[in-house]
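So the structure is just underneath, and the comments pick up after that.
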Amino acid sequence: MAKSDYYEILGISKNADEREIKKSYKRLAMKFHPDRNPGNTTAETKFKEIKEAYEVLSNSEKRAAYDQYGHAAFESGSMGATSNSGGADFSDIFGDVFGDIFGGNRRSRAGRGSDLRYNIELSLEDAVRGIIKEICIPTLSTCEKCRGTGARSNAAIITCMTCHGQGQVQIRQGFFSVQQSCPTCHGHGKIIKEACNKCHGNGRVERSKTLSVKIPSGVNTGDRIRLSGEGESGKNGAPSGDLYVQIQIRKHPIFDREEKNLYCEVPISFSMAALGGEIEVPTLDGRVKLKIPPETQTGKLFRMRGKGVKSVRSGGNGDLLCRVVVETPVKLNDIQKRLLQDLSDSFEGPHGNRNSPRSKSFFDGVKKFFDDLTR
């Protein structure tokens with residue numbers, strides 16, 4: 001598959017100067033950095049393309065070769081590995097530019113600990129009010145016996161003879177030499193002769209740790225809380241990964257939630273719907289009174305401002321929307337049936353259409369529909 005044009009990747013013209021190249025690179029690298037897009041393979045691929053484009057265009061010799069020969073200038077040539085002496089060193093191009101944004105450089109991040117994810121389920125009440133939860137997570141932590149070296153003792157650690165302790169070797173690629181991790185020591189620069197008998201040379205051991213997580217008020221399903229440095233410990237003193245707490249809200253028996261707003265259904269009697277009245281409705285802060293006007297129909301929404309959920313981002317409160325449902329009476333005795341029949345008969349008089357305007361409109365429409373069909 002053809003590789004993308006480096007200038008297009010960075011969104012710059014072919015006449016862009018060094019300042020424009022660096023500015024565009026910082027902006028795009030910040031946007032697609034893996035730390036900001038954990039688990040997003042598309043962003044990771046884009047980040048690698050951006051980094052590759054910058055490494056070429058920020059170097060005057062590489063840029064000149066690319067302008068003349070395109071990607072062919074960097075097709076693999078001889079692949080002889082050498083120690084880290086002589087030739088151009090491009091290993092810190094990325095670290096120098098990006099270190100001030102995220103800290104550290106590529107070498108220090110090579111052994112960075114893995115990020116962890118923990119799913120936590122909350123009640124709606126806890127999500128709305130906020131809560132502190134204790135969680136217990138399995139993780140890899142630095143071995144206390146060898147302090148993360150993986151060796152039985154300091155004397156059991158020797159310098160790698162392939163890379164002479166640098167952790168990297170140079171590879172010939174096209175017109176230039178580029179660096180990669182040493183295949184002998186895997187980038188560590190040192191080799192362990194005798195492994196620690198507790199972590200068996202890994203430098204880390206499995207254990208569980210308990211953390212207190214502060215859940216802010218207003219969180220919702222899908223929100224994530226990042227605990228920096230609480231993931232797995234890094235290797236050989238590299239930084240630890242992060243812990244991402246994923247929020248899931250349990251279904252509530254009364255309320256449904258949509259962003260900041262809460263919804264609930266409130267049953268009212270046939271007589272209250274017709275005559276009006278006052279009822280108590282539930283809120284997360286307790287019961288409140290709601291006035292029902294006469295002639296209320298099923299499905300009417302009543303908005304109670306500020307009785308919803310506080311936004312975790314804007315801070316403002318949402319509303320509670322109560323949808324009334326007119327309940328049909330059941331298990332009627334003879335007296336009640338007779339009274340309802342009398343009421344129904346009264347609707348059949350000359351003014352009955354006034355009592356059910358929607359029914360009249362509906363059936364008038366049905367009649368017109370069938371009349372039109374028979375013409």
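Using N, Cα and C of the backbone, Cβ positions are placed for all residues, glycine too.
Among the features that Swiss-Prot reports, Zn(2+) 1 binding site is placed at CYS143, CYS146, CYS196, CYS199, with the record citing sequence analysis. The secondary structure of CYS143 (Zn(2+) 1 binding site), as reduced to three states from DSSP, is coil rather than helix or strand. For CYS143 (Zn(2+) 1 binding site), the same-chain residues 6+ apart in sequence whose C-beta sits under 8 angstroms from its C-beta are GLY150, CYS196, LYS198, CYS199, ASN202, GLY203, ARG204, VAL205.
Taken from Swiss-Prot, the feature Zn(2+) 2 binding site covers CYS160, CYS163, CYS182, CYS185, and the record attributes it to sequence analysis. In this structure, CYS185 (Zn(2+) 2 binding site) belongs to neither helix nor strand by DSSP; it is coil. Residues near CYS185 (Zn(2+) 2 binding site) in space but far in sequence (CB under 8 A, at least 6 apart, same chain), listed by position: CYS160, THR162, CYS163, GLY167, ILE191.
Positions annotated as domain 'J' by Swiss-Prot: 5-70.
The annotation repeat 'CXXCXGXG motif' is assigned in Swiss-Prot to 143-150 (among others).
Broken down with DSSP, the repeat 'CXXCXGXG motif' (160-167) shows 0 helix, 0 strand, 8 coil. The repeat 'CXXCXGXG motif' annotation in Swiss-Prot covers 160-167 (among others).
The feature repeat 'CXXCXGXG motif' is assigned by Swiss-Prot to 182-189 (among others). Panel annotation: around the repeat 'CXXCXGXG motif' (182-189), residues 81, 107, 110-111, 159-163, 165-169, 236 of the same chain, lying at least six beyond its termini, place a Cβ under 8 Å from a Cβ of the stretch.
Summarising the annotation, Swiss-Prot assigns repeat 'CXXCXGXG motif' to 196-203 (among others). If you look at the repeat 'CXXCXGXG motif' (196-203), the same-chain residues 6 or more away from its ends with a CB under 8 A from one of its CBs are 142-143, 145-146, 148-152, 235-236.
Summarising the annotation, Swiss-Prot assigns zinc finger to 130-208 and lists sequence analysis as the type of evidence.
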Sequence-remote partners of the repeat 'CXXCXGXG motif' (143-150) [C-beta within less than 8 Å, at least six residues beyond its ends]: 157, 192, 195-199, 201-205, 233, 235-237
CB-centroid shell, 8 A cutoff, Zn(2+) 1 site CYS143, CYS146, CYS196, CYS199, site residues removed: GLU144, LYS145, ARG147, GLY148, THR149, GLY150, ALA151, ALA195, ASN197, LYS198, HIS200, GLY201, ASN202, GLY203, ARG204, VAL205
Protein Cβ atoms within 10 Å of CYS146 (Zn(2+) 1 binding site), excluding its own: 25
Spatial neighbours, same chain, of CYS182 (Zn(2+) 2 binding site) - Cβ under 8 Å, 6+ residues apart: CYS160, THR162, CYS163, GLN166, GLY167, GLN168, VAL169, HIS188, GLY189
Zn(2+) 2 site shell beyond CYS160, CYS163, CYS182, CYS185, criterion: Cβ within 8 Å of Cβ centroid: MET161, THR162, HIS164, GLY165, GLN166, GLY167, GLN168, VAL169, PRO183, THR184, HIS186, GLY187, HIS188, GLY189, LYS190, ILE191
Counts of helix, strand and coil residues, the domain 'J' (5-70), according to DSSP: 48 helix, 0 strand, 18 coil
